[in-house]
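Taken from TrEMBL, the feature domain 'L-asparaginase N-terminal' applies to 26-214. Annotated active site, O-isoaspartyl threonine intermediate per TrEMBL: 35, in sequence order. If you look up TrEMBL, you'll see 35, 112 marked as active site. Feature annotation from TrEMBL assigns substrate binding site to 79, 112, 113. According to TrEMBL, the domain 'Asparaginase/glutaminase C-terminal' annotation covers 236-346.
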Ligand code: SIN
C-alpha cells in the first residue's frame, strides 16, 4: 500500500486529496544552499548557504517520522550563484536516483532568487518516475520566525506522495502552496508570499499536512531536452532589458560579445525602441538567435503582431517569460541553430 488515508477524509470520500505518507517511502534531499540554509550575522544581515542538508532536515519535524530520507549536499551557494555546472550535477544526481530505483521522490533545497529557473530547467530535462519538489525560505534558518522548516516539511510530504499526472514532475512547495515549474515566478523581494503562478494559480494548497489539489489546474505537458555534456558545452545566451529612453549603444555593447543568443526583456508585447530593434536585427543577421520575451509578469508575446519578426529575423517567446526563454533558448540551441525550428520550441 502506498499510503494511509485519514479517517475524516475517508468518511467524506475526499481521500484522493488527503494522503499521509507511510514509512515505506524513501526520499532523497539534495541541498544546494540558499536562505533556507542561511545564518544571521551580527548587524542584522545573514549569509546564505551556511547549514548542511542534514541539519535542515532535523528542523523539518519529519526526521525520525518513519520516512526514509537520505540527504546529500550538492552545493552550498546563495542562488544568485546558481549556474549550469550545478544544474548539471543536480540533474545527473536525480537521474541516477531514478536509475537506481530506490527513491519515491526528491526534494531540492534552494535559494529563492533563482528557484524558478532551476525548477524550469529541471522540468525540461528530467523524465523521472517520481516528483521532484523544490523549496526554500525567505528567512534564515536561525531566525526566530524561520519559514524554512515548514516549507521543507511540506516539500517532503509532497515528494512522498503520488502526485497527479496533471501536476507535471517538477513542483515547488512554498508558503503553503504547491506551484508548477511552468508557472512559478518570484514576485516579492522580501515578503513571505514570495512566489506566485501568474497566468494560472497554485496547483494545490496545504491545509495542515494535507494537500488540497486545485480542481482544473494542470501543468502543461512539455518537451524534454538532453542534458549538455558539460557546463562548458552550453550555448551562451544573455538578456537585454528594454526600457523607455533605451539607446542602441547599450544593445550593441551586448551583441558585440558575439554570443549565440539574446533574449529581449521587451516592454509590452516583447517590444523595444526602433533603434534597439535594428541593432538586434543586425545580430540576428550575423547568426545570433534573438527571442522577444516580456517584462510584463503575464501574457503571451505574439509572433509578428506589433513587431515584424519575419523581416527582423526574431523568435517570439509565446508564453515564456524572460528567465524561461533564456533556458529554453540554451536548450534549443544545443539541438539546432535554425530559427524556424527554434520558434517551434517556443510555441509548445
Ligand atoms: C538565495 O536565493 O540564495 C538568497 C535568497 C533566498 O534564498 O531567499
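Heads up, the Cβ atoms here are built off N, Cα and C, so glycines get one too.
Here the features listed in TrEMBL are painted onto the structure.
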{"residue": "35", "record": "active site, O-isoaspartyl threonine intermediate", "DSSP class": "helix"}
{"residue": "79", "record": "substrate binding site", "DSSP class": "helix"}
{"residue": "112", "record": "substrate binding site", "DSSP class": "coil"}
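Secondary structure by DSSP for the domain 'Asparaginase/glutaminase C-terminal' (236-346): 43 helix, 24 strand, 44 coil. Our reading of the substrate binding annotation (79, 112, 113) yields a largest Cα to Cα distance of 7 angstrom. On the 0 to 100 pLDDT scale, the domain 'Asparaginase/glutaminase C-terminal' (236-346) averages 98 in this prediction. Highlighted in sequence order, 34, 35, 78, 80, 82, 110, 111, 114, 115, 136, 186 have their Cβ within 8 Å of the centre of the Cβ atoms of 79, 112, 113, the residues recorded for substrate, and are not part of that set.
Close to residue 113 (substrate binding site) in the fold, though at least 6 residues off in sequence, lie 78, 79, 80, 186, each with a CB less than 8 Å from its CB. Listed in sequence order, 46, 48, 78, 111, 112, 136, 137, 138, 139, 140, 148 are the same-chain residues at least 6 apart in sequence whose CB falls under 8 Å from the CB of residue 35 (active site, O-isoaspartyl threonine intermediate). Just so you know, the Cβ of residue 112 (substrate binding site) picks up 25 other Cβ atoms within 10 Å once every protein chain is counted.
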